[in-house]
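**Student:** Quick one: the structure is below, questions incoming.
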Amino acid sequence: MNNALWLPCTQMQALENNPPLHLVKAQGNQLYDQDGNAYYDMISSWWVNLHGHCHPFINAKIKQQLDTLEHTLIASVTHPPILTLAEKLVAITPTSLTKAFFADSGSGAVEVALKMSLQYWQQSGQTQKTKFISLEHGYHGETVGSLAVTDIPLFSEQYKDLIVSQIRIPSPAHIFSPDDIPAQLHEQKSLDALERILAEKSRDICAIILEPLVQGAAGMAMYSANYLLGIAKLAHHYHIHVIYDEIAVGFGRTGTMFAVEQMLALADADKQDDYCPDFICLSKGLTAGYLPMSCVMTTDDVYQAFYDDKVEKGFLHSHSFTGNPLACSAALASLELFERDNVLLHNQSLIQAMAHGLQQLADANLPIKFVRQTGMIAAFTLDFSQNLGKAFAQLCLDQGVMIRPIGNHVYLIPPYCTTPAELGHIFGVLNRCLQKLYDDIPQIPQGSSQAIDLP
Ligand SMILES: *Cc1c(COP(=O)(O)O)cnc(C)c1O
């Protein structure tokens, strides 16, 4: 290990006994180390990759852009790829979302949405609105503003003096429900908690922010679109904004292009605008996992509150690399692939293959629980009282499958270029490694590990 490098989300000392994987090349869903070993990238490189690594079509589009215009600022400036991308994003998101504001990372997009919501209320005569509601176990990034709405103490405890405390409601996700409570009832309890808070102090609240359908960093904790509809109704009734953080789930991960579509599908036709979130944060898959970029989609109503002859009433948030043309060209190429290859339809066969693989695991009498799936995200939880996620991941890695469990929560987020046959093979590896894990350490009692772990 090179002495100059300090890695994120890593205790460097742990690398002494467990050196980092040194990856030198990637193609499709495979990563290659310096010895030529291949690994299936079953976490899509931290949930960012969509169509596979070094995709010839995306690579060609970026190279073309590289020789044309590599970067320019976008304050009072535009360029062709960003204009086209903004139009495309408006076209593929719900009709109420008419504006695209760009930033450079997922956390950056969350900061933008929080600031925009706060400033909107300030400029709309509701200056007492300053608080945000988020979900327990939610993750929205690790910059100081986004940490205020992230509920992962491992990331925030050390910095509590920097962070403005906000309001939390219980997570609707089934993995956090006491075992005997049905999922629907558990979700209703979270909605009831929100209603109690809103009834008392909605006039102080700017917005609720949440990860729709899947709380990723919590360990792929899933809940229903029906809960999202409940949130939409309450937010509309009590006049607060809704911010969807689709940074991880956008661009097909939940089966639809965006998770919001599954909520709106449950709403009456004449309520679509009322229930549409006011902000949707996008990143990760936005550039198909190629380059850092993010975007916040918002409404005309929000936009108009900033449209003024005073500069300070504008939304001034800026990053040096906002709207980078190379990143925009990667995003445009990715959206072209979605259309050209009918990716969402094609993914249905992968979704079925994963459902089949999960069913086999569930039927195999293995020490797992909470077997769950939302579209292209499959997960289960190791039923041990100790954190065995890392040991399990190592067994899988030795068999050429890279996963990265969060504590005992094991998940697969495959690139969309993976085939059903490959998924069959990969679930076979999981099955055999689970068996081995169980055989090797039979003395560890089953149960819920409380160990915290990094996503
Ligand atoms: C990854 C992620 C973020 C943060 O994005 P970064 O690009 O890592 O800053 C925020 N919210 C969710 C739901 C994420 O998965």
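Note that Cβ sites are derived from N, Cα and C of the backbone, with glycine treated the same way.
Annotation comment: TrEMBL describes Trp46, Tyr139, Lys284, Ser318, Arg404 as substrate binding site. What TrEMBL records for Gly106, Ser107, Asp245, His319, Ser320 is pyridoxal 5'-phosphate binding site. The N6-(pyridoxal phosphate)lysine annotation in TrEMBL covers Lys284.
Show me how these features fit into the shown structure, please.
**Tutor:** Sequence-distant contacts of Tyr139 (substrate binding site), defined as residues of its own chain at least six apart whose C-beta falls under 8 angstroms from its C-beta, comprise Thr150, Asp151, Ile152, Glu211, Gln215, Gly216, Ala217, Ala218, Pro455. In the three-state DSSP classification, Tyr139 (substrate binding site) falls within coil.
Under 8 Å, Cβ to Cβ, and six or more positions away along its own chain, Asp245 (pyridoxal 5'-phosphate binding site) finds Gly106, Val110, Ala113, His140, Ile209, Leu210, Glu211, Pro212, Cys281. Secondary structure at Asp245 (pyridoxal 5'-phosphate binding site), as computed by DSSP, is strand.
Within 10 Å of the Cβ of Lys284 (substrate binding site) there are 27 other Cβ atoms, across all protein chains.
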**Student:** For Ser320 (pyridoxal 5'-phosphate binding site), identify the closest of the binding-site residues Trp46, Lys284, Arg404, judging by Cα separation.
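**Tutor:** So, of the listed binding-site residues, the one sitting closest to Ser320 (pyridoxal 5'-phosphate binding site) is Lys284.
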**Student:** Can you list which of the binding-site residues Gly106, Ser107, Asp245, Ser318, His319, Arg404 have their Cβ under 6 Å from some atom of ligand 1?
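**Tutor:** By the Cβ criterion, which requires under 6 Å to ligand 1, the hits are Gly106, Ser107, Asp245.
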**Student:** Between Arg404 (substrate binding site) and Ser107 (pyridoxal 5'-phosphate binding site), how far is it from one CA atom to the other, in Å?
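**Tutor:** Roughly 21 Å, rounded to the nearest whole number.
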**Student:** Across all protein chains in the structure, which of the binding-site residues Ser107, Ser318, Ser320 has the highest Cβ count within 10 Å?
**Tutor:** Ser107
**Student:** Sorted by position, what residues of the same chain at least six away from Trp46 (substrate binding site) have a C-beta under 8 A from it?
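**Tutor:** Within the chain, Trp46 (substrate binding site) has Cβ neighbours under 8 Å at Lys284, Arg404, Pro455.
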